[in-house]
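*Asks:* Below is the structure I would like to discuss, written out as structure tokens.
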Amino acid sequence: MYAASILILHLTWAVATIAANGAGHNGPVASGAGPNGLQCQPIAVSACQGLGYNMTALPNLAGHTNQLEAELQIAKLVPLIESGCSRRARFLLCSSLFPLCTPDVPRPVAACKLLCETVRGECMENAPPELMELWPSFLNCDGLPQPEKHELCMQIPQEVAVPGGSPSGPPTTGSPGVEDHPQTYRFWKSGASPTSDLAGVLCPQNFSGSPFNPEECVPQCQRDAFHTSSQKKTSETLILGLSAVCFVLTLFALVTFWAEPTRFGYPERPVLFLCLCYNLFSVCYLERIVFHNQARMHDVELQGRLMRPGCLLTPPCLASYITTSYLSLCAASWWLIFALCFYLSSHKKWSSEALEKRSGLFHVLAWVPPLAPPIAALLLEKVRPSELTGMCYAPGFVELPALVLLLLGLYFTLRASRSLLSLQQQLQPTLAHHRFGQIRKRFVLFSLLYFAPTTAGVVAALCERYADSVPSCSTPDDCLSPTPLSAWPALVRIFFQLVGGTLTGLWVWSRKTCESYRNRLGASGTPTSSLMNQSKAAGALPKKHLYTSGKSMLPTGGITPLYAGISFHNVPVYNPNQSRV
């Protein structure tokens, strides 16, 4: 019944009295405007469009002389309108700021006194006291026109007020020349439908009818539908703090890599790109928290976008999803390459130069395939906005590939660790034996510190519960707000994701790094490269303590190449002439 959802504008005329003397009018009259000099203009503010008329004239009851001032005022009244205290609240507030204007009427037409008193009484009864403080001071019901006094005004007949927000009577008008415009109640009370053909859909508070399924209700944009405001504040604080720490530590690691690139050759070079991925990953989170919130407040103040019945996918949201998903998979790919390089160095005796020759292949494998999952999610239309974090998500499209990459990396990590232990056991207690043990401990510790939190974050993401909609209500009494979802899975996911990224910067944390920065900052004597110091220290030791080329170094007495690839912070623990590759 399309006619059941029509908004009725009742214009009461004082034909002889007002036309003769224009006395007794308390409505908004354009200053200096005569009966034939009224300047009508289209209503340009989206929040007050669809009232049943589309032309207005200024100044209004608040004294605004342009629509921008009125738009800023209506944006401040959004919480009161969206509270659902009265289904007529939107019409009353908008008509007070954008009165009706038509060439057939000599002055702008405001709402009637009875309508104002009805809406104010309903809101006083249903709205919280803090929301009633938003009631505009310029909207004095006693000063509005009254039909009983033959004053021109707009009134919604009381007999159309039926449960469900659907008027029961046919559209009527009390004035000539004013057309009947059908209008749903979707902006009048919380939970109305977003489209005119769904006007009969009843939804809980902070929900609106789905334009795709008339039996479902979707969350309204920027409202507390599935999560409370405290949950959102907690997640925002957590993301902001961890992202800042992750950005600083990974940036420090990147600067260290850049300052001394010769210290970090293969097989440890993939850590550089692992840090780069998480540095950019933290930047994405920081951008969404800092700039997105500012843009959201700007939209509320200037455009009233909170009046939208539902949250749609926006280009910034999609961009954040593609970027974070891509960087997550790139990081998992570089973790796999990192473990693979150590495996090839320790088990297959690949040299650093051999791994360097295949760096191009590593880059292709790490940067190109991760594009597929987020693009597939977009093509399959599986991306949804997240109410809790304000970012977009597509469950399973990133988590499952990342989990596979992490498990493959764990396999090569275990194989590499076993090979390192076997090689270490072949050495007698010498300087090389001690340094080799340090390499293995550092490799295993770093792998554990990265794999554990990152895998925990992926598992938490798989366990996270998402909700897109709720069933529509059959009667107003059944429209109860759903129980808020738990925010713990999302908070755990965010925590472990950013902690895992932060710990990637630990690879450069060593005494050599401290000495290098101290020398560069001129804190001790003449600045000297730590690389030169290491070379001098290595030259002062006998070669038999640095290379494993003699029979006395092996328990079996055989001459075997022990290690061909790892040069941990320039500790020379292998003989390049013994490389098989």
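Positions of Cβ are set from backbone N, Cα and C atoms, glycine also.
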*Asks:* Is it true that Swiss-Prot lists C317 and T513 on the same side of the membrane?
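*Replies:* Opposite sides, per Swiss-Prot.
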*Asks:* The disulfide recorded in Swiss-Prot for C85 goes to which of C40, C48, C123?
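*Replies:* According to the record, the bonded cysteine is C123.
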*Asks:* Name the residue among N54, N533 that Swiss-Prot annotates as N-linked glycosylation site.
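*Replies:* Per Swiss-Prot, N-linked glycosylation site applies to N54.
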*Asks:* Please name the cysteine among C112, C116, C141 that Swiss-Prot pairs with C153 through a disulfide bond.
*Replies:* C112
*Asks:* Between the transmembrane segment (271-291) and the transmembrane segment (489-509), are there at least three Cβ pairs closer than 8 Å, leaving out pairs fewer than 6 positions apart?
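*Replies:* Stretch pair touches.
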*Asks:* What is the separation, in Å, between the Cα atoms of C101 (disulfide bond) and C48 (disulfide bond)?
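*Replies:* Cα to Cα, C101 (disulfide bond) and C48 (disulfide bond) are separated by 14 Å.
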*Asks:* Reduced to three states, what secondary structure does DSSP give N54 (N-linked glycosylation site)?
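*Replies:* In three-state terms, N54 (N-linked glycosylation site) counts as coil.
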*Asks:* On the 0 to 100 scale, where does the mean pLDDT of the domain 'FZ' (35-156) fall?
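*Replies:* Mean pLDDT for the domain 'FZ' (35-156): 84.
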*Asks:* Give me the Cα-Cα distance between C141 (disulfide bond) and N206 (N-linked glycosylation site), rounded to a whole Å.
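*Replies:* Rounded to a whole number, the Cα-Cα distance is 28 Å.
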